[in-house]
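*Asks:* Below is a structure I'd like to ask you about.
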Amino acid sequence: MDSQYFLAFSLSLLLIFSQISSFSFSVDPTRITQLSWTPRAFLYKGFLSDEECDHLIKLAKGKLEKSMVVADVDSGESEDSEVRTSSGMFLTKRQDDIVANVEAKLAAWTFLPEENGEALQILHYENGQKYDPHFDYFYDKKALELGGHRIATVLMYLSNVTKGGETVFPNWKGKTPQLKDDSWSKCAKQGYAVKPRKGDALLFFNLHLNGTTDPNSLHGSCPVIEGEKWSATRWIHVRSFGKKKLVCVDDHESCQEWADAGECEKNPMYMVGSETSLGFCRKSCKAC
């Protein structure tokens with residue numbers, strides 16, 4: 001590995017470990033499968049218990065509204081669209097003990113701080129409902145100010161689906177084709193796909209390791225053919241979500257030391273950032 005990329009990765013880990021929740025959760029590596037490198041995707045079988053799944057669904061019932069999509073990249077305003085036909089709602093962060101534990105488990109598994117995550121979104125798909133392929137990263141200025149790009153997405157399946165409802169990655173690139181029998185929907189055969197199974201969680205990254213957006217992360221929710229689908233989504237940003245970065249600050253106590261060592265020039269993506277994603281040491285690098 002090139003030394004500058006190794007150092008950037010090490011700096012990232014330092015930042016992450018300094019912010020992760022103290023909640024104790026043992027990640028079971030025997031339940032985790034790496035599905036793909038393009039995009040980087042992982043499946044954690046049995047991440048949520050049946051009780052956790054049922055509780056999240058119960059919190060959402062009676063509060064669901066038609067799902068929306070972003071319509072204006074400048075304002076971030078949303079609109080109704082046939083691209084996305086599910087219904088959903090957002091919980092509040094740490095709404096109760098179970099929600100707080102789920103959020104802490106997500107931080108422990110992903111090694112990404114709790115504060116970087118949006119509130120959990122609960123989604124319900126009935127017969128024929130779907131979400132066409134889309135990206136979870138974005139370029140609207142309002143969203144970027146609230147935490148930068150969504151570095152990762154975690155989809156947690158809260159119910160089993162008789163048929164359909166798979167998560168599909170149309171731009172997936174792999175050496176070995178994924179074999180699919182008649183139990184898979186036609187939509188799922190358009191790329192690499194994951195069947196929704198109650199309790200399982202799918203983690204995939206929307207950005208490359210160097211911080212640039214990954215077009216291979218294009219994904220969609222296939223139409224439900226039989227049954228219904230419940231899921232919970234956790235979008236995780238590159239920095240604390242909801243705090244506008246309008247002041248010139250460093251996001252790590254070692255920024256000045258790294259800047260003095262020349263890291264502003266050696267690792268500009270991490271230290272300074274780009275037009276669409278702010279770096280972590282802009283003040284020390286005199287970028288603002």
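Backbone N, Cα and C define each Cβ position, glycine as well.
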*Asks:* H134, D136 bind Fe cation in Swiss-Prot, but which of H55, H208, H219 does that record place at the same site?
*Replies:* H219
*Asks:* C281 has a disulfide partner in Swiss-Prot; which of C222, C248, C255 is it?
*Replies:* C255
*Asks:* For C248, which disulfide partner does Swiss-Prot record out of C222, C285, C288?
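*Replies:* Out of the candidates C222, C285, C288, the one Swiss-Prot links to C248 is C288.
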*Asks:* According to Swiss-Prot, C264 takes part in a disulfide bond; indicate which of C222, C285 is its partner.
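*Replies:* Of the listed candidates, Swiss-Prot names C285 as the partner.
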*Asks:* Compared by Cα position, which of the disulfide-bonded residues C255, C264, C288 is the closest one to N210 (N-linked glycosylation site)?
*Replies:* C264
*Asks:* Can you work out the mean pLDDT of the predicted model over the domain 'Fe2OG dioxygenase' (116-238)?
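*Replies:* Here the mean pLDDT over the domain 'Fe2OG dioxygenase' (116-238) amounts to 94.
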*Asks:* Measuring Cα to Cα, how many angstrom lie between C255 (disulfide bond) and C285 (disulfide bond)?
*Replies:* 8
*Asks:* Under the DSSP assignment, what numbers of helix, strand and coil residues are found in the domain 'Fe2OG dioxygenase' (116-238)?
*Replies:* 13 helix, 49 strand, 61 coil
